[in-house]
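Worksheet: one structure, shown below.
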Amino acid sequence: MKSTETLKNPGYALGARSEAQPSRMTFWIKSFKKLCKNPLSASGVVIVALLLVCAIAAPLIATHNPLEQDLGRILASPSLAHWFGTDEYGRDIFSRIVYGSRVTLYIIFLVTIIVGPIGLLIGTMSGYFGGWVDSVFMRITDIFISFPSLVLALAFVAALGPGLEHAVIAIAITSWPPVARLARAETLTFRNSDYVVAAQLQGASSFRILFHYISLMCLPSLIVRLTMNMATVILTAAALGFLGLGAQPPLPEWGAMISTGRSYMLESWWLVAFPGAAIMLVSLAFNLLGDGLRDLLDPRTE
């Protein structure tokens, strides 16, 4: 019927395509409303949104230059002039936390775009091909998982040298194994599905099946995993910064701020309290957002 109408009226297909756009928009709106229906998930969305706003509009939100030193206002307590006080060099802590959100998002973004494709590729290939491919990939994965991620990251940073980029590489190297194991488990579930068998009977190559069928089915679980993994990335980056192996001064990184402020924290509590609260809130927000996405993307909740 539709094909006949398309031949008679060429604008029919264009109209049908335009009707698909509102329905797609409606789907995203409904999904967002469903995500925000849970108060915990909604709070995670709000905090992550505030983090994005702070990172994008940092020059507008920050009240001072985060690198500017004022030796006349060293260790000043929170006030109207300096909302979160100043550090040992007279730098405004609120402005440094705001600009530190850029460093945090930079680390999260780079680690995610490295870990996601690598974990997905290794996991799907291991689960689909099986045999010696599965054995080799999974033994390598087990070696990485057998060490605590922070200890392994410390080892890689010690070998590469301190620095933000080296910290990103170290965190990415230690973060892909759980993603690969999840992708493998999902692939083992989907590889014998009817649509995969039908694609094989039609002559589709193994790599076409991996990239056009199985990988797409693994995406919901991987999105949830990567979202919740962002909290671990933040904590690991803060730990490396605290130990002096991550972002280097004077870059306003939250972990490094705690490290430099710990010598004065007994008399100047705000040096460590506010950066620590930022790390805690953002890590919690990504965990809450991940829980909400898991409920949203789980077909059993429909």
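Here the Cβ of each residue, glycine as well, is placed from N, Cα and C on the backbone.
As recorded in TrEMBL:
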- 40-62: transmembrane segment (TRANSMEM)
- 101-290: domain 'ABC transmembrane type-1' (DOMAIN)
- 105-129: transmembrane segment (TRANSMEM)
- 226-248: transmembrane segment (TRANSMEM)
- 268-290: transmembrane segment (TRANSMEM)
Dominant neighbour of the transmembrane segment (40-62) in 105-129, 226-248, 268-290, by Cβ pairs under 8 Å: 268-290
Beyond the flanks of the transmembrane segment (268-290) by 6 or more, those residues with Cβ under 8 Å of it: 40-41, 43-48, 51, 75, 77-78, 84-85, 87-88, 93-94, 97, 100-101, 104, 224-225, 227-228, 230-231, 234-235, 238, 254-255, 257-258, 260-262
Folded-back contacts onto the transmembrane segment (105-129), same chain, C-beta under 8 angstroms, at least six residues removed: 51-52, 55, 137-138, 141, 164, 167-168, 171-172, 175-188, 191, 206, 209-210, 214-215, 218, 222, 226, 229-230, 233-234, 237
Folded-back contacts onto the transmembrane segment (226-248), same chain, C-beta under 8 angstroms, at least six residues removed: 103-104, 107-108, 111-112, 115-116, 149-150, 153-154, 157-158, 162-164, 166-167, 170-171, 174-175, 178-179, 254-256, 258-259, 279, 282-284, 286-287, 289-291, 293
